[in-house]
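As recorded in TrEMBL, the features of this protein are as follows:
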BINDING   D23, F24, N25, R39, H62, L63, G64, R65, R121, R154  substrate binding site
BINDING   K205, G296, E327, G356, G357, D358, S359  ATP binding site
Amino acid sequence: MSSTVKNVDSLSFAGKKALVRVDFNVPLDENFAVTDDTRIQAAIPTIKKILKDGGSAILMSHLGRPKGGPEDKYSLKHIVSAVEAALGQKIKFAGDCIGSDAAKLAAGLGSGEVLLLENLRFYKEEEKGDKDFAGKLAKLGDVYVNDAFGTAHRAHASTAVIAEFFKDKVAGYLMESELTNADKVLDKAERPYTAVMGGAKIADKILIIERLLDKVDNLIIGGGMSYTFAKAQGGKIGTSLLEEDKLDYVLELMQKAKAKGVNLILPVDTVIADAFANDAHQDLVSSGEIPDGWMGLDIGPKTRELFGKTIWDSKTILWNGPMGVFEMESFNKGTIAIAEYVAQATQKGAFSLIGGGDSAAAVNKFGFTDHVSYVSTGGGALLEHMEGKVLPGVAALAE
Ligand SMILES: Nc1ncnc2c1ncn2[C@@H]1O[C@H](COP(=O)(O)OP(=O)(O)O)[C@@H](O)[C@H]1O
Ligand SMILES: O=C(OP(=O)(O)O)[C@H](O)COP(=O)(O)O
């Protein structure tokens, strides 16, 4: 972490209301129960430090990607009990993140108490980095703490803009330890260095790939991201995930990889389904040969082996994004197989860094967390940090 950024140990929170940006963007099931609380657990040490000092904590986060207005399925009320369980105490919840209720609850917060605000992204001003909105949030607390590593690559109102309203602005323990762990690999990665990319946030992460080309020897693309590559090469992808306006970009990327001598490895076979459901009809086809009306939901067995061979030979592995819809048992085999290969490579001496809300949930779910070198709560944030970029959420804390 930059030497000009202070951490929570530099302050005493006694009698202070700490406004803490956390990343509680956690996976929920169809009944809105938290299925993986890694990101909540990861923020607990910072919250406890504030409370132990005799301060109070006002927690703010986003959940999912609402369209700029309230949506019940993205309400942070669903995670209140999970936060209480992780913290071991009751918390208060404000049904809005700004406005009179939030102000009243924040003002009445006593030493040792915790308040969780409603989803910041119920206001489009959050993602726009709106200064007035940041100022309204800032009024709620005396001190600003950013512990949301997973969102530190976003220059949003609550992650970056808000910092200018505070004299005391510090990084939480999670933010600090994430950066320290990632820095162990940054610029001193042993080779071969392999990045494995998958998941569903194609538009964001496809842009990061280009910059990773200067760092890695091998680039493996699986998961939802791979179909844009298949289509760009003239393949048929049915109704699989696609980033239509990135087709030309992907072709350029493939040429750049070649020019830089990076080994770009794409799936050769795909598990397809006729619906986005665990009990849908399934089939296995060559990649780029997906019939109309069918979608690719996992990598196939040949691909698992192909990816595995490269992972097995790697000395540094950076993985973000599941290889398929691992939440459904029918489509989890690719993600499990890749996690196994990463664990094996780690056992024989590779350093493996796995990041992302869903990727962390997947390695937890399948029992690999203790068999890889480090699991980060950040996906996009980790990748951007690994490109050598100063994350906006960190830059905003600099004195
Ligand atoms: N082929 C696919 N089609 C649809 N969704 C996919 C596919 N492969 C992976 N996914 C989904 O990608 C999601 C995770 O993507 P992303 O948010 O980019 O990862 P992370 O949170 O680890 O950074 C998972 O919910 C998973 O179901
Ligand atoms: O889940 C997150 O990122 P990740 O999927 O890259 O791990 C963060 O909460 C950021 O969310 P965003 O990508 O909607 O800004």
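The backbone N, Cα and C atoms fix where each Cβ goes, and this holds for glycine too.
Less than 8 angstroms from the CB of G356 (ATP binding site) sit G150, G199, N320, G321, S376, G378, G379, G380, L382, each of them six or more residues away in the same chain. Close to ligand 1, meaning a Cβ under 6 Å from one of its atoms, are these of the binding-site residues N25, G64, G296, G356, S359: G296, G356, S359. Ranked by Cα separation from G64 (substrate binding site), the binding-site residues K205, G296, E327, D358, S359 are led by D358.
Put simply, of the binding-site residues D23, N25, H62, R121, the one whose Cα is nearest the Cα of G296 (ATP binding site) is N25.
Taking D23, G64, R121, G296, E327, S359 as the candidate binding-site residues, the subset whose CB lies under 6 angstroms from any atom of ligand 2 consists of D23. According to DSSP, H62 (substrate binding site) is assigned to coil rather than to any helix or strand.
Under DSSP, G296 (ATP binding site) is assigned to a strand (E or B) in the three-state scheme.
Classification of N25 (substrate binding site) by DSSP places it in coil, neither helical nor stranded.
Secondary structure at E327 (ATP binding site), taken from DSSP and collapsed to helix, strand or coil, is coil. Under DSSP, K205 (ATP binding site) is assigned to a helix (H, G or I) in the three-state scheme.
Cβ neighbours within 10 Å of H62 (substrate binding site), excluding its own Cβ and spanning all shown chains: 27. In this structure, the C-alpha atom of S359 (ATP binding site) lies 13 angstrom from that of N25 (substrate binding site).
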